[in-house]
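The aceneuramate binding site annotation in Swiss-Prot covers Ser48, Ser49, Thr167, Gly189, Asp191, Glu192, Ser208. Per Swiss-Prot, active site, proton donor is recorded for Tyr137, and the stated evidence type is sequence analysis. Marked as active site, schiff-base intermediate with substrate by Swiss-Prot: Lys165.
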Amino acid sequence: MNKDLKGLYAALLVPFDENGQVNEQGLKQIAQNAIETEELDGLYVNGSSGENFLLNTEQKKQVFKVAKEAVGDKVKLIAQVGSLDLNEAIELGKYATELGYDALSAVTPFYYPFTFEEIRDYYFDIIEATQNNMIIYAIPDLTGVNISIEQFSELFNHEKIVGVKYTAPNFFLLERIRKAFPDKLILSGFDEMLVQATISGVDGAIGSTYNVNGRRARKIFDLARQGQIQEAYQLQHDSNDIIETVLSMGIYPTLKEILRHRDIDAGLPKRPFKPFNEAHRQTLDQLIAKYDL
């Protein structure tokens, strides 16, 4: 790897206007908030939290460009370029690489029942076309794709596949991956399981709630790495109270409302997602006050 990619990342939120267009100024504010206020190490751009799969190619490029402009070279940047259209994934990968992103990431192809060989070659094709490092995005609950330890071994044999964003509750597989590949990067993708993932030896984490709860996540990560498990768990309990409440109100509109409370122009979610339900306003205000969000 050209840059040490260990650490904590915001899965960058993207603000939209009423017509579903990207609010560039708001996006810059959200990116800067993640780095300057939440004190995170980097941004994971155009992932699920960016509502990526609702965007067209030009909007995805726009998000890559604006996020890069917002934070420059001072932080780590990972570009999620995965797409069912391999040509789009390659086009996005080339664009992000030209912008100076430190690594690419790509969700496994989904919807159709692809063979492992097809999935493997999808990654190899993106790498060949871009010559950038690749982080596998494993999120089987949404893709239906479960990668075995033997298949991870085949993927990791490629020198440019440097790691995995592991968003799965299978901690046995996580332990097996960590033991088998001590030099590969493992970034946890479940905010609500950060303490468990850290104990299992991950190198960092990527989270949507880190856009508003990154400092608490940092404390969890550091305490768990230092062996202060009871203290880390107490903070994880607090984080999970936040996460549970946010999920109950709709994750993307609620996170954007918390950012709006900070005078950030966080915009709307993209349709068909609904905007924040004002019936939840009192619950949200209480959450912000209780946990200093």
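Using the three backbone atoms N, Cα and C, a Cβ is placed for every residue, glycine included.
Features as recorded by Swiss-Prot, highlighted on the structure.
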residue	record	DSSP class
Ser48	aceneuramate binding site	helix
Tyr137	active site, proton donor	strand
Lys165	active site, schiff-base intermediate with substrate	strand
Gly189	aceneuramate binding site	coil
Ser208	aceneuramate binding site	coil
Fewest C-beta neighbours within 10 angstroms among the binding-site residues Ser48, Ser49, Thr167, Ser208 belongs to Ser48
Within 10 Å, the Cβ with the most other Cβ atoms among the binding-site residues Asp191, Glu192 is that of Asp191
Near aceneuramate: residues not in Ser48, Ser49, Thr167, Gly189, Asp191, Glu192, Ser208 with Cβ within 8 Å of the site Cβ centroid are Ala11, Phe190, Ile206, Gly207, Thr209
Students should find that the Cα atoms of Ser208 (aceneuramate binding site) and the residue listed as 'active site, schiff-base intermediate with substrate' sit apart, in Å rounded to an integer, by 13
Excluding its own, the Cβ atoms lying within 10 Å of the Cβ of Gly189 (aceneuramate binding site) add up to 25
If you count the other CB atoms within 10 A of the CB of Tyr137 (active site, proton donor), including all protein chains displayed, you should get 25
Neighbours of Lys165 (active site, schiff-base intermediate with substrate) among binding-site residues Ser48, Ser49, Asp191, Glu192 (C-alpha cutoff 10 angstroms), in sequence order, are none
